Amino acid sequence: MAGYVVVGTQWGDEGKGKIIDVLSEKADYVVRFQGGNNAGHTVVVDGEKFILQLLPSGVLQAGTCVIGPGVVIDPKVFLDEIDRIEKRGAKTDHVIISDRAHVIMPYHIEMDKIRESVEDRIKIGTTKKGIGPCYADKISRDGIRMSDLLDLKQFEEKLRYNLKEKNEIFTKIYGLEPLDFDTIFEEYKGYAEKIKHRIVDTIPMVNKALDENKLVLFEGAQAMMLDINYGTYPYVTSSSPTLGGVTTGAGISPRKIDKGIGVMKAYTTRVGEGPFVTEIKGEFGDKIRGIGGEYGAVTGRPRRCGWLDLVVGRYATEINGLTDIVMTKIDVLSGLGKLKICTAYEIDGVIHEYVPADTKSLDRAIPIYEELDGWDEDITQIKKYEDLPVNCRKYLERVQEILGCPISVVSVGPDRSQNIHIREI
């Protein structure tokens, strides 16, 4: 069997979409295992950019694309995305949805907006797309699943029950107008009609493929430091984008995972609120943002930029049991002069080589840096590792040494062809 998992090792936006697109050329299945439409991933094919939110990055390849049980789905967003890429010539008949995946409802989106606007509440920087409230209903056993859309009587009962409770909250606590049952029911009845042919039990299908030694690629959204358990809580997402999340989010045994592939940007970025120890503020941070095009694929929000944080990198490598690292955007560092990598934090006089659980302590953390010589050459057209500038290779080798995990692929540009394969994945 060949189960490959691709995860982000930082705070997202590492370039997972591009790498998954490349790897999926040989994949029989590409399986999305968590998250929703709260993150965009970008795939560039022959200079043409595709921005995806719900669909797996492998949708532009021939393998079956699975939206797994651990994903939460806004049917409107799903259908809009299908329509958008079909209009650009892509086929989508190979896209299927797990009948166990949960459905984002209008009251989830409304609740998300309310919670983010409450004055005394910590501002997480949510995308306000209903992801968190949908997962909350899932955990409290009040969720509506894709299988419910195949049984309209059951869907009607669950919607009526949930809407009564949610409208009590909207009207009595927040003084808002109630949401209308008939409007929502008819809207989602229409969605059900359009997507019912895609809703299947994906678990036996994916496991059978693995048992037959087919290549199955598991794709996570967001990244390690946004994980609900191991990220910079509470500035995290509502699911587990780690390798461990694959087993519950796709319905497979951990014994069926052969490779853990961590995607790591050559510097660090973060969107929204939360601690960021290696953040570079001011003109130099703006320069990196400009060169790297560090703006949200969907929201357009500027990303915070900083030096490569290998405290985070080590943490991600260990927890995910990574076998390979894909280093992206190394080309952005060309011409920046001296480069820094963070190897430890100093917090209240104590050296930390691991990410502490106390998020507030990270606000006091002082990064301990190693400084390396940079390079000035344009490396975007280089195809062989040995052709990279000496200092670029030294940078990569030092990162690899600190992580204790091989860098197998280096990305030197946004197009799927701009990769240097050091060792086969």
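Any Cβ shown, glycine's included, is placed from N, Cα and C.
Feature annotation from Swiss-Prot assigns GTP binding site to 12-18, 40-42, ARG303, 329-331, 411-413. Counting every protein chain shown, 24 other Cβ atoms lie within 10 Å of the Cβ of ILE330 (GTP binding site). DSSP assigns ILE330 (GTP binding site) to a helix in the three-state reduction.
For ASP13 (Mg(2+) binding site), other Cβ atoms within 10 Å of its Cβ number 28. Marked as Mg(2+) binding site by Swiss-Prot on the basis of sequence analysis: ASP13, GLY40.
In three-state terms derived from DSSP, ASP13 (Mg(2+) binding site) belongs to neither a helical nor a strand segment and is classed as coil. What Swiss-Prot lists as IMP binding site is ASP13, GLU14, GLY15, LYS16, ASN38, ALA39, GLY40, HIS41, THR127, ARG141, GLN222, THR237, ARG301, and the listing cites sequence analysis.
What Swiss-Prot lists as active site, proton acceptor is ASP13.
Marked as active site, proton donor by Swiss-Prot on the basis of sequence analysis: HIS41. For HIS41 (active site, proton donor), the number of other Cβ atoms no farther than 10 Å from its own Cβ, over all displayed protein chains, is 26.
All protein chains shown were included, and the count of other CB atoms within 10 Å of the CB of ARG303 (substrate binding site) stands at 21. Summarising the annotation, Swiss-Prot assigns substrate binding site to ALA297, VAL298, THR299, GLY300, ARG301, PRO302, ARG303.
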- Task: Give the residue from the binding-site residues GLY40, GLY300, PRO302 that has the most other Cβ atoms within 10 Å of its Cβ, counting over every protein chain displayed.
- Result: GLY40
- How many other Cβ atoms sit within 10 Å of the Cβ of ARG301 (IMP binding site)? 14
- Item | Between THR127 (IMP binding site) and ASP13 (Mg(2+) binding site): CA-CA distance (Å) | 15
- Query: Just checking the recorded positions GLY40, HIS41, THR42, THR127: which sit within 10 A of ALA297 (substrate binding site), CA to CA?
  - Reply: GLY40, HIS41, THR42
- Message: Considering each pair of residues in ASP13, GLU14, GLY15, LYS16, ASN38, ALA39, GLY40, HIS41, THR127, ARG141, GLN222, THR237, ARG301, all listed as binding IMP, report the largest CA to CA distance in Å, no decimals.
- Response: 34
- Determine, using Cα-Cα distances only, which of these recorded positions is closest to GLN222 (IMP binding site): GLY12, GLY15, LYS18, HIS41, PRO302. GLY12
- Note on the structure: Near GLY40 (Mg(2+) binding site) (Cα-Cα within 10 Å), the binding-site residues in question, chosen from LYS18, THR299, PRO302, ARG303, VAL412, are THR299
